[in-house]
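Here Swiss-Prot flags Cys184, Cys190, Cys193, Cys201 as [4Fe-4S] cluster binding site, drawing on sequence analysis. Residues or ranges marked as domain 'HhH' by Swiss-Prot: 105-124. The feature domain 'GIY-YIG' is assigned by Swiss-Prot to 229-328.
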Amino acid sequence: MELIEILLKKLNKNAVVTEIAKDKDPFKVLISTIISARTKDEVTEEVSKKLFKEIKDVDDLLNIDEEKLADLIYPAGFYKNKAKNLKKLAKILKENYNGKVPDSLEELLKLPGVGRKTANLVITLAFNKDGICVDTHVHRICNRWEIVDTETPEETEFELRKKLPKKYWKVINNLLVVFGREICSSKSKCDKCFKEIKEKCPYYEKIKHFENILKKFNFRKVSKNKIPNEKGTYILKIRLKEGKKIKFGKTERFFKKGYYFYIGSAFGNSMNLKNRIERHLKDDKKMHWHIDYLLKYGKIEEIYITNERVECEVANEFIKKFDFVENFGCSDCKCKSHLFYLKP
């Protein structure tokens with residue numbers, strides 16, 4: 001938990017919903033959190049201020065016209081659906097909870113538009129109860145830091161409940177939302193990260209190791225439409241958006257969502273980097289190599305090439321820091337794998 005402690009000392013900023021929650025009004029926290037889904041921070045802040053000038057409590061929400069409500073929360077993402085859910089929410093709160101927001105996770109989860117993230121945020125921010133709010137930022141960063149190894153935010157929440165000391169439960173969401181939006185985003189800005197974090201971050205260690213491999217073997221990045229007619233070794237960076245069970249050869253295994261680095265080469269008499277990599281890029285190809293089966297579901301995002309004959313040497317460098325898919329793409333050599341994994 002050393003990385004969390006470092007961030008607590010380094011960051012002095014609140015996420016928007018945390019700011020809204022300062023007056024401990026459960027109604028405002030609940031409504032703002034629902035609005036914040038799939039919505040940028042600055043939009044959530046603007047919409048919440050505009051909305052709470054007209055909507056002070058459940059009765060106001062119950063009495064407002066749905067179309068007017070939708071106009072008030074525009075341009076929040078899915079504003080029409082959110083307006084519909086907020087109207088349903090107001091009715092249920094009035095009829096079942098005397099117009100009050102319930103203070104338990106179980107009751108909050110019964111409300112329309114309320115998932116585990118929202119429910120946990122309400123009980124922690126509005127009622128000061130123990131909960132762990134896991135959104136995409138918390139899920140992504142806890143996986144990158146190898147605190148958990150999970151596929152979904154819900155899985156991350158349950159793992160954190162087992163592993164995370166309770167003193168961090170209430171603060172981890174605000175901490176990692178701010179850090180995730182500004183630095184450790186889906187396209188990480190490692191160059192902007194704190195030196196103390198980089199020294200201990202397992203994700204940064206892998207990113208740096210990959211950069212060192214590129215330098216060591218003189219790789220250069222090329223675009224898909226400018227692959228040269230040259231001999232050489234290549235690395236494909238492939239993105240798999242969702243976890244998938246994939247069969248290659250006689251083997252079937254689950255491939256986690258994230259990034260895969262595949263190492264290949266083109267040194268045959270009639271083979272060069274251009275025709276080899278362009279074959280990988282085709283959708284309508286005969287399934288032959290292991291990589292063909294992964295590319296049926298994954299997308300090539302980056303291509304790196306070198307004119308050096310270093311396929312196995314590169315694989316042996318990757319294996320020092322990266323997880324690998326055993327026996328993938330290496331049937332004609334002694335390498336353990338030519339496919340390596342990086343969490344998203």
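Every residue, even glycine, has its Cβ placed from backbone N, Cα and C.
The shown structure was predicted, so the numbers you read here are calculated from the model rather than taken from an experiment.
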**Prompt:** If the [4Fe-4S] cluster site is taken as the center of the Cβ atoms of Cys184, Cys190, Cys193, Cys201, which further residues of that chain fall within 8 Å of it by their Cβ?
**Reply:** Arg144, Ile183, Ser188, Lys189, Phe194, Ile197, Lys198, Tyr203, Tyr204
**Message:** I'm checking region-level scores; what's the whole-number mean pLDDT for the domain 'GIY-YIG' (229-328)?
**Reply:** 94
**Message:** Using a 10 Å radius around its CB, how many other CB atoms surround Cys184 ([4Fe-4S] cluster binding site)?
**Reply:** 23
**Asked** Which residues of the same chain, at least 6 past either end of the domain 'HhH' (105-124), have a Cβ under 8 Å from a Cβ in it?
**Response** 17, 26, 29-30, 33-34, 37, 82, 85-86, 88-89, 92-93, 97, 130-135, 153-154, 157, 169-170, 173
**Item:** Entry from the binding-site residues list Cys190, Cys193, Cys201 having the most other CB atoms no farther than 10 A
**Value:** Cys201
**Complete:** Once DSSP output is merged into helix, strand and coil, Cys201 ([4Fe-4S] cluster binding site) belongs to coil
**DSSP helix/strand/coil residue counts for the domain 'HhH' (105-124)** = 13 helix, 0 strand, 7 coil
